[in-house]
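Notes follow the structure.
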Amino acid sequence: MNLEKIKNPDFLKQLNVDEMEALAADIREFIIQNVSHTGGHFSSNLGVVELTIALHYVFNSPIDKIIFDVGHQSYVHKILTGRVNDFATLRQFNGLSGFQKRNESEHDAWEAGHSSTALSGGIGMAVARDLNHETNEIICVVGDAAIMSGESFEALNYLGSIDSKVIVILNDNDMSISKNVGGLSNFFSEIRISTQYKNAKNNYISFLNKSKTGRKIYHMTKKIKDHIKENVIDDNIFGEFGLDYIGPVNGHDFHDLINALILAREMDHSVVVHVHTKKGKGYVLAENDRYGVYHGVPPFDYKEGILKSKGNIKSWSAIISSQVEKLMDEDEDIVVITPAMISGSCLGDIFKKYPNRSFDVGIAEEHAMTFAAGLSNGGKKPYITVYSSFLQRAYDQINHDIARMDLPCLIGVDRSGLVGSDGETHHGVFDISFLSSIPHLTIMTPKDAYEAKAMVNTAMKQFDHPYILRFPKGSVEDCQVDTSETLQIGTWEKIIDNPDYHLTIVTYDAKVYKVKAMIENNQLPVNLINARFIKPLDFAMLDELYENHQSLIIYETDLMTGSLGSLICQYYALKHRYMSIDCMGIDDHYTPQGDIETLLKHEHIAIDDLLTLTKEKCREERKS
Ligand SMILES: Cc1ncc(C[n+]2csc(CCOP(=O)(O)OP(=O)(O)O)c2C)c(N)n1
Ligand SMILES: CC(=O)[C@@H](O)[C@H](O)COP(=O)(O)O
Ligand SMILES: [Mg+2]
């Protein structure tokens, strides 16, 4: 089928199952070809092709609202709602979003990027519908990992207590980004096994029914089984929430899917439709992807698959994880925690080497953080690493459970700063603002691999308070750093220090090298400081800058509110000192998706923007 002709999903109502199968094959091939070219979310979308077609066949979007939890698996939905021609711009600046986006289509009723908001949002929309005396359906497609996150549970608990109807589609592929974890995952596996059991049982029954003796055996054993079921085996967990349950449904069989969805549509109360799908279906390397390599993919050769990077350029995550692993070799008290991001945080080697000292708690940032607090309180040395934007979920746990009790630990804040293609839900530009106000925290941000590893050492060696180590998405040159090498807390680094210069740029992380190059390439009379500790500030150096009558430019690519610039301005203001300070950073808004350089230009915080400001300030200095 020519997918480009699809303007809306109405055409689906005319298709028979064979035509749906053909459409599914075309969509699957389209996703493989296009996403391997642009990058994006790959295996999750391959797994929901039939499910999404069936949803749009049974329900009437946009009147009925179909919400995809997280939204990373909404590409099929976007194809069926007339956006196939936009896929060449997927996750690019001003291009097609990688998640549902209300301003992109009337068929996108909700939007996310962070996990486990679909049910709470969907329930809110259902209650609003009922108060407005409307009759449309609210359908929430939630993955088996997303449904285990706290907010999903809170929503399920509430849903079972109200009359407003929501149809919950549990898309169970037994995978989070990597293999799913947790007791509920085991429960789903039992149901999955029982499906196999059910199929085997049906085959057994049809065999028994072929003979008189067989039929006697069947009736006798059936009585025993029914007795056990009535008295031993509980209803499933959704029944405990007061929710009806349909399933498990074969998520790649249109007959099964359509029957189940029609049944759910005809109900007058909330229901969970438990659908079994295969993550990565149709692309063998993604189907057998235990570590989530094909969950979110860079552009890759779909014939060759994703090739492992070689050489000494490594991701910040890999560099920092390798130093933690080195310290784990020396200190058996060090333990590692991740909320479902083993692959993204490059923890695979640690999990293989130290399975008893590394913990994947699923999509549960709040639990992960307080679990780390408990481990610390119990005498262990936890390293917990969480993506900056997902860390927003655990603000109170850092504050209430770690900092307030001053429990020593190292918190890796991965993907800090602009992340690029995932857009405003994933840019880690708020962490300095929301962490710098919490007492007892030391906040470190390295300019290179050496500082990153020395900071890991410092936190783990001193191990006296909670430490924050924030680092960006992206890669840098790796280097070997002995575990004995540490930094003095609260000390900034003078990169360029000429007493004849009266203008100083203060910045941090990998930006230090970019600014250094800018100064040297343009022969600018400007000093440069690496503010590698956001908290505590280097107060001695701030006093020295004041005594040397320096004008400052604070250069950041994070939200300006509450960031380094704010902290420095506050320091001088409280001391009643006048300083000429210019701050560069992101104004009070959300930065869209796109490649980093484009976004920096869009926010007027590219190196060229800094160069313009610096030259202007130098001119002013010369005049004064
Ligand atoms: C709060 C939060 N934590 C972590 C993530 C990263 N993340 C995105 S999708 C995903 C796995 C989702 O698994 P599941 O819900 O089963 O959906 P599937 O990809 O298997 O369809 C994770 C951990 C996120 N988006 N939001
Ligand atoms: C949808 C989601 O939240 C994750 O898949 C995220 O996109 C991963 O980001 P990285 O690709 O930076 O690991
Ligand atoms: Mg899953």
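Including glycine, each Cβ sits where the backbone N, Cα and C put it.
Here's what TrEMBL has on this protein:
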BINDING   His72, Gly113, His114, Ser115, Ala145, Ala146, Asn173, Tyr283, Glu365  thiamine diphosphate binding site
BINDING   Asp144, Asn173  Mg(2+) binding site
DOMAIN    314-478  domain 'Transketolase-like pyrimidine-binding'
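Overlay of TrEMBL annotations on the structure.
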residue	record	CB count, 10 Å
His72	thiamine diphosphate binding site	24
His114	thiamine diphosphate binding site	21
Asp144	Mg(2+) binding site	25
Ala145	thiamine diphosphate binding site	30
Asn173	thiamine diphosphate binding site	24
Glu365	thiamine diphosphate binding site	27
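Averaged over the domain 'Transketolase-like pyrimidine-binding' (314-478), the predicted model has a pLDDT of 98. DSSP assigns Glu365 (thiamine diphosphate binding site) to a helical segment in the three-state reduction. In this structure, His72 are the binding-site residues from His72, Ala145, Glu365 whose C-beta falls under 6 Å of some atom of ligand 2. Here the CA atom of Asp144 (Mg(2+) binding site) lies 7 Å from the CA atom of Asn173 (thiamine diphosphate binding site).
Asp144, Ala145, Asn173 are the binding-site residues among His72, His114, Asp144, Ala145, Asn173 whose C-beta comes within less than 6 Å of an atom of ligand 3, given in sequence order. Annotation note: Ala145 (thiamine diphosphate binding site) sits in a coil segment as assigned by DSSP.
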